[in-house]
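Pulled from TrEMBL, these are the features on record:
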- 1-20: region 'Disordered' (REGION)
- 42-121: domain 'ThiC-associated' (DOMAIN)
- 238-269: region 'Disordered' (REGION)
- 250-264: compositional bias 'Basic and acidic residues' (COMPBIAS)
- Asn318, Met347, Tyr376, His412, Ser432, Arg433, Gly434, Asp473, Gly474, Leu475, Arg476, Glu512, Tyr539: substrate binding site (BINDING)
- His516, His580: Zn(2+) binding site (BINDING)
- Cys660, Cys663, Cys668: [4Fe-4S] cluster binding site (BINDING)
Amino acid sequence: MNAPKQPTPEVNGKQRGDYTGQFTEEIDNAEEIRAIENDPTQFPNSTRIYVQGEIHPDIKVPLREIRLSDTEHPNGNVEKNDPIRVYDCAGPWGDPDFQGDVTKGLPAMRLQWILDRGDVEEYLGRDVKPEDNGYLSKAHAEKYNSLKDGKNRLKEYPGLKRKPLRAKSSQDKGADWHPVTQKWYADQGIITPEMEYIAIRENLGRKEEFETIADRYPNLKDLPPEASDRIRQLCTTPEGYEMPRPSEINPDKQVPRNRMEHQHPGQTFGAMTPAFITAEFVRSEVARGRAIIPLNINHPECEPMIIGRNFLVKINANIGNSAVTSTIDEEVEKMRWATKWGADTVMDLSTGKNIHATREWIVRNSPVPIGTVPIYQALEKTGGRIEALTWELFRDTLIEQAEQGVDYFTIHAAVLRAFVPHTANRMTGIVSRGGSILAKWCIHHEKENFLYEHWDEICDICAAYDVSFSIGDGLRPGSIADANDYAQLAELEVQGDLTKRAWAKGCQVMNEGPGHVPMHLIQENMQKQIEWCHEAPFYTLGPLTTDIAPGYDHFTSGIGAAQIGWYGCAMLCYVTPKEHLGLPNRDDVREGVITYKIAAHAADLAKGHPAAQIRDNAISKARFEFRWRDQFALGLDPARAIEYHDETLPAEGAKTAHFCSMCGPTFCSMKISEDIRQLANEESGQSSLVSLNGSEKE
């Protein structure tokens, strides 16, 4: 038997790499890492592409396309690796051709779509008041900011100020009035541009791949075996299966795993994701209330996205200043930073001063939906006096935020007065800020929660601007001990009642969930929410699966997030390493977003989402073939991957070496496996093995 030939060491500029791990010179890649980290347009081997709509040809849906290098097999054959398209949340900030400026904001890409429907009107809107930014008067604002040493100063947004839009005849609800929500349009059978945009985005370019095969084999009954297998993978959502004993199967008939289209059957728990997302499917899911499209008509800069269990699992990132830290500039940068790494929505949870101004800067520069908790700003307007909160003050705050363009409100209307005493014997009481505020208000006034009492009026406001609801879980458990108790579940049941009432008003709704829940109780939470809340999307904070890891709660919660996402949760609210410890900074935001992108993707894989596994297959193939640059590019955080690789092998030649520093050139199992394939091919010439290392074309 002849030993396989070792590749001749290649010269790459000043670098020479071989299979012994010896490199002539080291290179500092810190500049490359900094570029990826700091520039929203910088991802290695990536190109921003746009896919055009068919129903609405003016649609241009952005995706990031990752270019992959060719595979050079030991026998000299070259195999082309097709590019991989991935979901992109960065908006225009991620397009290298976009010459943007945060002082001018993003283009109003949806404005014409909104106006063309002919059911909105422009009006003057309310004046910005000093109390909107937490000041008693204009003089108070001027004095306060003159004393600040550059930290968290009031800085008004200098860009274009459009008049707000609302549904026509909103003042008197005349005969031509109707909600201007995506749900109302869906109920009428209307496919909006936003719905087609979402369908294209969710498919990640797989539609073109399917059409190519369908055109090649128009008669599905006459397909050759490999094409039948391919069509089956692309056209159907796989179902779960029982793992047989090896003795019960013929290994020669096992589906090949080294094909890019291979996908494991998923366990869907009742979800029904088609192989291809169509605009009609998007419409039908929104009409049924199983999905929402959070897009305020006053946030035309926002790129359409969808939240629902039959779609890709989404993640939210929380940002916002506080009374003790952060500035407007820092929060705008956090928003752009979070969307670069993949945040599908962002919640501005600002408290303290300058809430209105901070939100204006964020909304005008955000390509993703922005959510808020309006009770926070309402409380600031009272000077922090909970007992001074009124329905009139809260209503004015809702309108203020709706006019600015907030896409969804967290409203804790299900925190009923009768439930509050049942939190007294909890380990950690009420941990929701909004929930605790309203619980104290109910006790002080001996009245029912005014948000519950005025729910229909709140729905009317949201219907006029298409602000979606995130019905808050103000009584969620804040510790493992409190999971699934009476107060939590009683509130969830009321959320279901409020959901139906909001749907009747044409509003879009999702429900918020826990919190802190041990792993064996997570599935029950999801099942009860689906049943009691009529399949409205579920949006959870984690849940954290243990309480013993301060500083690592992005891990403790990521475990629960992946699990509940698999069971059917539509959106996961990220948790950062600073959870329970302090306000997250820029690095914490990155850690939280990446952790939750992992959890969401793991859930998509487990559900068998038809667009999920191809990226895993691509990176696994690159890893086996030692295409290091492709591995970095396909990862969620290429900069971190490059940094860790280069800690021990910084030379450029190491990017083509067939080993890493874990095993070195002698003990690399993948290199040995590659040698085994080549030896087996030379000895037996079996076509099945030959095809594995690319020495024959299929």
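The chain as shown is numbered from 1 upward.
Just so it is clear, glycine is given a Cβ too, placed from its N, Cα and C backbone atoms.
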Item to check | Nonlocal neighbours by CB distance (under 8 Å) for His516 (Zn(2+) binding site), same chain, sequence gap 6 or more | outcome: Pro477, Gly478, Ser479, Ile480, Asp482, Ala483, Gly542, Pro543, Leu544, Asp547
Item to check | Same chain, 6+ residues apart, C-beta under 8 Å of the C-beta of Arg476 (substrate binding site), given in sequence order | outcome: Val431, Ser432, Gly435, Gln488, Glu512, Gly513, Pro514, Gly515, Leu541
Next on the checklist: Taking only the residues the record lists as binding substrate, namely Asn318, Met347, Tyr376, His412, Ser432, Arg433, Gly434, Asp473, Gly474, Leu475, Arg476, Glu512, Tyr539, what is the largest Cα to Cα distance between any two of them, in Å to the nearest whole number?
Outcome noted: 20
Item to check | Rounded to the nearest Å - Cα separation of Tyr539 (substrate binding site) and His580 (Zn(2+) binding site) | outcome: 20
Item to check | Neighbourhood of Gly434 (substrate binding site), C-beta criterion under 8 angstroms, separation at least six | outcome: Val373, Ile375, Tyr376, Thr410, His412, Val415, Gly472, Gly474
Checklist outcome for this item: If you measure between the CA atoms of Asn318 (substrate binding site) and His580 (Zn(2+) binding site) and round to the nearest Å, you get 14
Checklist outcome for this item: Among the binding-site residues Tyr376, Tyr539, the one whose Cβ has the most other Cβ atoms within 10 Å is Tyr539
Checklist entry - Can you check what DSSP calls Gly434 (substrate binding site), collapsed to helix, strand or coil? => result helix
Checklist outcome for this item: DSSP puts the residues of the domain 'ThiC-associated' (42-121) at 10 helix, 23 strand, 47 coil
Item to check | His580 (Zn(2+) binding site) CB neighbourhood, other CB atoms within 10 A | outcome: 13
Checklist entry - Hey, what's the Cβ neighbour count for Gly474 (substrate binding site) at 10 Å? => result 32
Checklist entry - Average pLDDT across the domain 'ThiC-associated' (42-121)? => result 93
Checklist outcome for this item: Three-class DSSP assignment, His580 (Zn(2+) binding site), comes back as coil
Item to check | Residues in the compositional bias 'Basic and acidic residues' (250-264) grouped by DSSP into helix, strand and remaining coil | outcome: 3 helix, 0 strand, 12 coil
Item to check | Neighbouring C-beta atoms (10 Å sphere around the C-beta of Asn318 (substrate binding site)) | outcome: 24
